[in-house]
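According to TrEMBL:
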- ASP24, PHE25, ASN26, ARG39, HIS62, MET63, GLY64, ARG65, ARG157, ARG190: substrate binding site (BINDING)
- ARG39, ARG157, ARG190: (2R)-3-phosphoglycerate binding site (BINDING)
- LYS240, GLY331, GLU362, GLY388, GLY389, ASP390, SER391: ATP binding site (BINDING)
Amino acid sequence: MNYLNKKTVEDIDVAGKHVLVRCDFNVPMKDGVITDTKRIVGALPTIKYLVDHNAKVILCSHMGRPHNIFNDVVKLDKKEKKKIDAMPEAEQAEATAKALEAAKGDVKKFSLAPVAAELSKLLGKEVIMAKDVVGPDAKAKAAALKDGEVLMLENVRFHAEETKNDPDFAKALASMAEIYVNDAFGTAHRAHASTAGVADYLPAVCGYLIQKEISIMGGALENPKRPFVAILGGAKVSDKIGVINNLIEKVDTLIIGGGMAYTFFKALGHEIGTSICEDDKVELAKEMMDKAKAKGINFLIPVDNVVATEYSADSEWKIVDSDDIPEGWMGLDIGPKSRELFANAVKNAGTVVWNGPMGVSEWENFANGTIAVAKAVADSNAISIIGGGDSAAAVEKLGFADKMTHISTGGGASLEFLEGLELPGIACLNEK
Ligand SMILES: Nc1ncnc2c1ncn2[C@@H]1O[C@H](COP(=O)(O)OP(=O)(O)O)[C@@H](O)[C@H]1O
Ligand SMILES: O=C(OP(=O)(O)O)[C@H](O)COP(=O)(O)O
């Protein structure tokens, strides 16, 4: 998908205008404290540009997946509902009432107020917080904004109309501004009112974060410095089929690690013990390997594995070759020979795209494959692009973030971009 011809904030006169900026401020929180500010820091260049150019800045974002509080409809979380459905019928009514009551009290944790406070610190200026999204408080505060001032609306997902891409809700958002800027890369794969719908009613351009994400990732896909190496890991083949399909057409080397690899082992006829496997994807794994062979791509899967007796952080473990996984053992990481094999493939790469850990990297005993790959990518001279999600978290935790060319701020969005899918939040923006 080529989005490089989209208008940016620099292509439009923002001085004195109300500018509605959609950011992805869906940051991880624990006990009311933001645990990773990457997405807020990522939004700063656009916000600073608008402030410096005397715009009246109105920021909006979602946070989590809350209930529709403004219509007073509180719905149960999917997981909660499943739990209640599994209860004996006689207990369900009481459990539902209790859960609904608890869900009402939950709403505060989805407020963007902590983000406004953090942003204010990072910007070194006040960020005015609205009590609602398109209600009287937001409208009054937006109308009163002076040039260079910044307002944060409440969580757009407090309205069910947001995720439904309801035109009236999009219009209500648009009515507060004269220009729309989308800089929410992490939410660009969603066709919601504030990420796409609003562009029907205002001149619509992208911010610097979206521009950076698409120019680096788009550049790698369209015109990669070769050899181009893709490393895919994580739990499931089904999550990455689209990415494999798209990248197999472009790369010189495709490396498959993590839980995904065991479906490929099965396709090769190996015994995989109790390793994670998607039986309905074995045939597809075979097809992928045949395709890679036909295209002359270097296709690498682990040659050895760290196997464990149970899925737990302190399980007994040992190292075995890939065609020698014993009955009752499960592969939780790639082994030392695979680490070397993968590191060697990365060493002379021109471009590396990496998405998904090589094993259960959350647990120390099964993190060495992911550490080795992160180190190899960091030590290479390649243009290195890390998809969001768990691989980004691993790279950051291991202290290699500074050595990577780009760590995407979007998990789902970067995957869809690498799949070559259209991102509605970018497709809706005006062309130059
Ligand atoms: N061998 C394995 N067995 C089971 N789970 C695994 C294995 N390897 C990796 N995983 C799990 O995969 C998950 C990450 O996968 P995924 O969400 O696809 O990655 P990303 O977020 O980077 O796209 C992690 O929770 C990790 O524990
Ligand atoms: O955190 C997000 O997605 P990600 O975890 O895939 O990066 C985005 O804010 C999108 O959120 P959503 O998946 O609730 O639409």
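Just so it is clear, glycine is given a Cβ too, placed from its N, Cα and C backbone atoms.
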Close in space, distant in sequence - ASP24 (substrate binding site), Cβ under 8 Å, 6 or more apart: ARG39, ALA43, SER61, HIS62, ASP183, ALA184, PHE185, GLY186, THR187, THR409, GLY410
Query: Where among the binding-site residues GLY64, GLY331, GLY388, GLY389 do you find the Cβ with the fewest other Cβ atoms within 10 Å?
result: GLY64
Inter-residue C-alpha distance, GLY64 (substrate binding site) and GLY331 (ATP binding site) (nearest angstrom): 32
Message: Long-range neighbours only, meaning 6 or more apart in sequence with Cβ under 8 Å: which ones does ASN26 (substrate binding site) have?
response: ARG39, SER61, HIS62, MET63, GLY64, GLY186, THR187
Message: Please report the distance from the Cα of GLY389 (ATP binding site) to the Cα of ARG190 ((2R)-3-phosphoglycerate binding site), rounded to the nearest angstrom.
response: 17
Task: For ligand 2, pick out the binding-site residues ARG157, ARG190, LYS240, GLY388, ASP390, SER391 that have a CB under 6 angstroms away from one of its atoms.
output: ARG190, GLY388
Message: Long-range neighbours only, meaning 6 or more apart in sequence with Cβ under 8 Å: which ones does ARG190 ((2R)-3-phosphoglycerate binding site) have?
response: THR163, ALA196, PRO424, GLY425
Surrounding CB atoms that lie within 10 Å of the CB of ASP390 (ATP binding site), all protein chains: 20
Task: Determine, to the nearest whole angstrom, how far the Cα atom of GLU362 (ATP binding site) is from the Cα atom of ARG157 (substrate binding site).
output: 30
- prompt: Listed ATP-binding residues LYS240, GLY331, GLU362, GLY388, GLY389, ASP390, SER391 - what's their greatest C-alpha to C-alpha distance in Å?
  reply: 24
Query: Quick one: largest C-alpha distance among ARG39, ARG157, ARG190, binding (2R)-3-phosphoglycerate per the record, in angstrom?
result: 18
- prompt: Quick one: which residues besides ARG39, ARG157, ARG190 have a Cβ within 8 Å of the (2R)-3-phosphoglycerate site's Cβ centroid, in sequence order?
  reply: ASP24, PHE25, ASN26, SER61, HIS62, MET63, VAL156, ALA184, GLY186, THR187, HIS192, THR195
Statement: In three-state DSSP terms, ARG190 ((2R)-3-phosphoglycerate binding site) is classed as coil
Field: binding-site residues close to ligand 1 - of ASP24, ARG190, LYS240, GLY331, only those whose C-beta is under 6 Å away
entry: GLY331
- request: Round to a whole number and give the Cα-to-Cα distance in Å for the pair GLY331 (ATP binding site) and ARG157 (substrate binding site).
  value: 40
